[in-house]
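Down below is the structure, laid out as structure tokens.
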Amino acid sequence: MERAKRNAIVAIALVILAVAAARVEAQQESNVKTLVKYKHGKKYCDKGWECKGWSIYCCNLTITDYFQTYQFENLFSKRNSPVAHAVGFWDYRSFIAAAALFEPLGFGTTGNKTTQMMEVAAFLGHVGSKTSCGYGVATGGPLAWGLCYNHEMSPMQSYCDDYFKLTYPCTPGADYYGRGAIPIFWNYNYGAVGETLKVDLSNPPEYIEQNATLAFPGAIWRWMTPIKISPSAHDAFVGNWKPTKNDTLENRVPGFGTTMNILYGDEVCGQGDVDTMNNIVSHYLYYLDLLGLTRDQAGPHEHLTCAEQVSFNPSSKAASST
């Protein structure tokens, strides 16, 4: 009982944090003073609420410098339509509040402005595809319906793995099906995300589908975190990851395609130009268009897709479930 009460308080605190961040964002950006220091010849910055803590990445543009409310609305224009399944849940403020936790680590703050915008488009391309209820003749087109869901609608199992019963035990009666912006599956992933956010997401896991300030950071955590032998999707996309000889032999190269390999494995990759992969790619390219970037910048087919890539982590529990 005490544990549940404690975590409810933490969840409420995250909501308050999101509201506070939104209020700061509404102020003139010139009011936020950038603090600078040098250490061992490197420049470190602190930009207050959005990029807090001394980081080399905080010396670059932050996400609100190049990604505004109207752009978020353009990308997810149908998310609050009456037929959507998460009306009123997702918003720009929650995304920015979540991103602020990871901007000091390089999320949306790595490289020049173009690289930064492309990373946000890439991340949101995954989000849009995985939460879409769009279809071929949907109003506005099938790519306008991202953030239609915040949880799996018809879960096939409870996603409780007893192998992790000592580290991330399942709460009796709880189901760890897909929830969030890039859906989180399995008790061990709920546990790992909860450790990062300092919230016990195993009890109850419903916190994620009840609070966008948890649903967005859970997805960004997945984007920023290496899994098993693979790099993080972030590192693969921005160029921090350098392929080994074995990676090259198995057609894994830096770019958007490898982010799909990392996040979904052989459920999507190594099967040629299948619809599931093409849908994710289409969302990414559509978002590049809406942000005023060119599709040429996404790179050639072998960098943009994972059609011919061998999975980093061949199926045991692939995809969102790894």
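Each residue, glycine too, has its Cβ placed from N, Cα and C.
Keep in mind the model is a prediction, meaning the values are calculated, not measured.
Here TrEMBL flags C160-C170 (among others) as disulfide bond. Within its own chain, C160 (disulfide bond) has C170, A174, D175, Y176, W186, N187 as residues 6 or more apart in sequence whose C-beta sits under 8 angstroms from its own.
The feature disulfide bond is assigned by TrEMBL to C269-C306 (among others).
Sequence annotations record features per position, and here TrEMBL assigns domain 'Glycoside hydrolase family 19 catalytic' to 71-297.
The feature signal peptide is assigned by TrEMBL to 1-26.
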Task: For the domain 'Glycoside hydrolase family 19 catalytic' (71-297), mean pLDDT (0 to 100) - done: 94
